[in-house]
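Visitor: The structure that follows is given in the form of structure tokens.
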Amino acid sequence: MREIVHLQTGQCGNQIGAKFWEVVSDEHGIERDGLYKGNNDLQLERISVYYNEIGASKYVPRAVLVDLEPGTMDSVRSGPLGSLFRPDNFVFGQSGAGNNWAKGHYTEGAELVDSVLDVVRKEAEGCDCLQGFQITHSLGGGTGAGMGTLLISKIREEYPDRMMCTYSVVPSPKVSDTVVEPYNATLSVHQLVENSDETFCIDNEALYDICFRTLKLSTPTYGDLNHLVSIVMSGITTCLRFPGQLNSDLRKLAVNMVPFPRLHFFMTGFAPLTARGSAQYRAVTVPELTQQMFDAKNMMAASDPRHGRYLTVAAVFRGKVSMKEVEEQMQNVQNKNSAYFVEWIPNNVLTAQCDIPPRGLKMAVTFLGNSTAIQELFKRVSDQFTAMFKRKAFLHWYTQEGMDEMEFTEAESNMQDLVAEYQQYQDATVEEEGEYEDEVLEDEQ
């Protein structure tokens, strides 16, 4: 089967990753000790996508857990899923990266990277037909951002034809953990533009908003935020793990979603999002799902899709839904909001379907949008970067790890190019293409 090897790096990556394995194990009926206790053959049919079977109905996640300090790993190990993972797959250093991208990418992380790659190789060799890798990390810190991107480029070298898919937590405008986030994030995006096939952008602030507004939580914890992320991760891969009428895998997703290789940063969303207690009081319909999923308040990245246009969209419906109704509703959204979809990619909405809904819901949908509005997010980080960089603030932390200012300048201009590319395609219309063709014809005559 088409296996995916999962990596989680840094504190953020490990916390999201742990939550993801909770959700997936629950969906597949895997207990905390790795034993299968489910009640449905469909749970086992494609379980090998994420799990290795090592004995009579005992399953171990194809997961590699990486960090430069032991703290987060210890809490995963002593947490509810501690005994699920292979003990050899915990790879950690002792020194930490101290929120310094250069430490993660060039010094501390580079020392640990070979032992991580050994584990990755081992996992990849245990696969029948490896489809690709997914990595959870944040872009604002040292380990997830610096070492995460180092791992991505190393894996890219070794497995150039496999999909590389990242779930990246981008620094949010108001909630900041460290002052050097803009540096770390810009250096990371510089890497992701070149080395990732699909990057799902997630942002803590947008997640907080969803918790306050929609889920009515007065004091959301990181656990609540990570739960939202894990639902989306589970939704994106649901087609690989369960049967459905319209299945999609990482590569099909990329082919449909990425019109230009550099523009592979997606917004994600999920519907129905209802407050924990009120879910059982109402039935959800396909029109409601469709409407909620395109709602700006549902986006898990802090950029407003109404400020840009969608290049492409993918929707993964789960549960017993009528595909005819889904197609009608999706068409309906496009017709009513045609200004928000670029007209030079006809049929730019992909729909996939899977029969098994998430726990506790009759039907649900996961949304992926490649919208030019994501440039707002990059622009914001880029402006903060420039403000600090022109004063060379905090630079010594990076240069003393052996980095060159040149690399900062390159990362800065790459980020600005990315913003400009999104803007260019946001403004592009079919007419421009037409005018150009007329000129060519005149020249030929």
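Glycine residues also receive a Cβ, built from the backbone N, Cα and C atoms like all the rest.
Keep in mind that this is a model prediction, so the values were computed, not measured.
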Visitor: Gln11, Ser138, Gly142, Thr143, Gly144, Asn204, Asn226 bind GTP in Swiss-Prot, but which of Glu53, Glu69, Glu288 does that record place at the same site?
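Guide: Checking Glu53, Glu69, Glu288 against Swiss-Prot: the GTP site match is Glu69.
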Visitor: What is the one among the binding-site residues Gln11, Ser138, Asn204 whose Cβ has the most other Cβ atoms less than or equal to 10 Å away?
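Guide: Answer by Cβ density within 10 Å: Ser138.
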Visitor: If you run the three-state DSSP split on Ser138 (GTP binding site), which class comes out?
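Guide: The residue in question, Ser138 (GTP binding site), is strand (DSSP, three-state).
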Visitor: In Å, how long is the longest CA to CA span across Gln11, Glu69, Ser138, Gly142, Thr143, Gly144, Asn204, Asn226, which the record gives as the GTP binders?
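Guide: Roughly 23 Å, rounded to the nearest whole number.
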